[in-house]
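Pulled from TrEMBL, these are the features on record:
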- 126-225: DNA-binding region (DNA_BIND)
- 2-116: domain 'Response regulatory' (DOMAIN)
- 126-225: domain 'OmpR/PhoB-type' (DOMAIN)
- Asp51: 4-aspartylphosphate (MOD_RES)
Amino acid sequence: MRILLVEDDDRVASFLERGLRAEGYFIVRACDGREGLELAQEGDFQLILLDIMLPSLNGLEVCQALRIKKNQVPIIMLTAMDESQDIIKGLRLGADDYVTKPFAYDELLARIEAVTRRTPNEIKNTDTLEFGPLNFDRASYIVSLDNEEISLTVKEMAILELLMTNTGKYLSRERILSNVWGMEMDPMTNVVDVYIGKLRKKLTIESKGESMIETKRGIGYRLVLVE
């Protein structure tokens, strides 16, 4: 299951990312409300963990904007203990549940399971991504190209999923670093380039000698169909 985590506190986000990934969930993180809203509208998520106190747009504004747009992905609000009025407002705006910080990790898992059990099938059944000859089964973490399974690392899968849920769009190095590593852009790091290089080789269509990853200098990367 694919979860969008909208949390500006790096320590909280890191703790949740590690724990939820260990449970088998696929996590994409946004560091502020505006980025979270954009990802929620563009991406394909089965659950959103949404902090209330966020920069740019707060969690209540994000929740309201999503429900106005008829986005019915389940939302669990992450709140502080002294935000009881915000909790009430969030539930009235369309949030499905909430947990108060500090919370027991087992409680969060139980709430995630309870909320997703109530989720309509049309929201749940989005475990397979397809783009031309490329197939990504997110339930089993199997990626295949031209019906042949290819071996990817966890980070390569995360990058590929980001590209496959944003087909047609160039994704910047900053966006990839933030979503996959949960880091702000360090001008000295080339980690994105290294992983894109490895992924590019694995997504090469042998008969054409070309990769499905296209680079636009100074802009970013996107998936393309090789004719």
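We number each residue from 1, going along the chain as drawn.
Even glycines carry a Cβ here, placed using N, Cα and C.
The Cβ of Asp51 (4-aspartylphosphate) lies under 8 Å from the Cβ of Val6, Glu7, Asp8, Asp9, Val12, Gly59, Met77, Leu78, Thr79, each of which sits 6+ residues away along the same chain. Model confidence over the domain 'Response regulatory' (2-116) stands at 90, taken as the mean pLDDT rounded to a whole number. Helix first, then strand, then coil: DSSP counts for the domain 'OmpR/PhoB-type' (126-225) stand at 32 helix, 28 strand, 40 coil.
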